[in-house]
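Visitor: I'd like to ask some things about the structure below.
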Amino acid sequence: MFVRHLSVADYRSWPTAELPLGAGVTVLVGRNGIGKTNLVEAVGYLATLGSHRVSTDQALVRRGAAQAIVRAAVVSDGRELLVEVEINAGRANRGRINRAPVTRVRDVLGVLRTVLFAPEDLALVRGDPSERRRLLDDTLIMRAPRLAGVKSDYDRILKQRNSLLKSVVAARRSGGQPDLATLEVWDSQLATVGGQLMAERMRLVQQLRPYVVAAYADLAPASEPVDLRYQSSVLEELTAPPDAAAAPGADELTAAMLQRISRRRPVELERGITVVGPHRDELELLLGDGPAKGYASHGESWSLALALRLGAFELLRSDGVDPVLILDDVFAELDTGRRARLAQLVADAEQVLITAAVASDVPAELGGRTVTVADPEPGESTPAADEGGDAGRADPTRADPERAGSEQPVGPVLRPSAETSATADDQR
């Protein structure tokens, strides 16, 4: 799988941009703050409908614009699809596949698969459990887009149940009659969907584990070995401990979750929030015999975060299709040895997109094609796509109809250079 062409309009700092791509390695080089990360973030957004840098979409729409457009021509198994998302500030986003509207924006999931590693990923090791839960959920949905519906249902039920819990707590404190019967209905719904999500996550951890262990050993051969373990208070309700070779089923986890909710009812009625469920679970990262969080060195933390992403890449690849691998300003954070080992690990990926402030940060053995992202010269404007039928042409006037015919703002320019020592075909 690879992205043949990327178009954006009114996305972040880009009024418009046209970026022809291809299989192999492409390195985007430019000063910090020029907009390189915005372009690769846009690619990742089409695969996950989320940004690795912000939690809401509002920041993705360029200031002063009503909406942003992200569009990519994606080639997989010899077939090309055009996927597009219209990001609207303050209202629902819209998606299109081959220019035909989809019923729900999440219906575009699965057209493009990506694995993105960025400096923010240090939070996978050092940050809150929510960072690691998101890694699991994004990987799950990448492999099985239908699970986006399961996750959405769980989040909706959780929000409504929390709202009911708050009203129950308020009623008890004011001497009123709490609606516990309705709460039990929400218990059942939460446990049913939560059991499905937990079962999928636990199965994923078992499948992901060997790839992460191997990637970490390659990146940090002198370090202690790593391991992964899924933690949930619900597992304490199982009649037998989880089998290391087989994750519990959804029905078993649903029953255990209902038992745990019943056991923790007094706490929930005191605090007014749901304290049981996959939204409270943790992916524990182990380094040697202890937790990586709080004990791993800076270099070990970087290597483990990168191993998690490379493990996800290899797991997705095992499904039969190479995802697009995105390395956002990664090589600058690594020492010479880790740079070389990372280059070896990613060299055979079908498509690798790399950003760097200076070209020398990227190991020369990766080769590929370099695109310079630069400030425009006086009188220079961002080029539009050619008229030769390129599927990915962005139209900035679509994002704001009132701008049609007016002078368009000028953003950074993209200047492709010749292939370096290894051609795109060499990198496939």
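Note: Cβ is positioned from N, Cα and C throughout, glycine not excepted.
TrEMBL: automatically predicted annotations, no manual curation.
Features from TrEMBL:
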BINDING   GLY30, ARG31, ASN32, GLY33, ILE34, GLY35, LYS36, THR37  ATP binding site
COMPBIAS  390-405  compositional bias 'Basic and acidic residues'
COMPBIAS  418-428  compositional bias 'Polar residues'
DOMAIN    22-372  domain 'AAA+ ATPase'
REGION    369-428  region 'Disordered'
Visitor: Look at each of the binding-site residues, ARG31, LYS36, and point out the one with the fewest other Cβ atoms around it within 10 Å.
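Guide: With the binding-site residues ARG31, LYS36, fewest surrounding Cβ atoms within 10 Å: ARG31.
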Visitor: Translate the DSSP assignment of LYS36 (ATP binding site) into the three-state scheme.
Guide: helix
Visitor: What is the total of other Cβ atoms whose distance to the Cβ of THR37 (ATP binding site) is within 10 Å?
Guide: 24
Visitor: Specify the secondary structure state of ARG31 (ATP binding site) as given by DSSP, simplified to three classes.
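Guide: Assignment for ARG31 (ATP binding site) reads coil.
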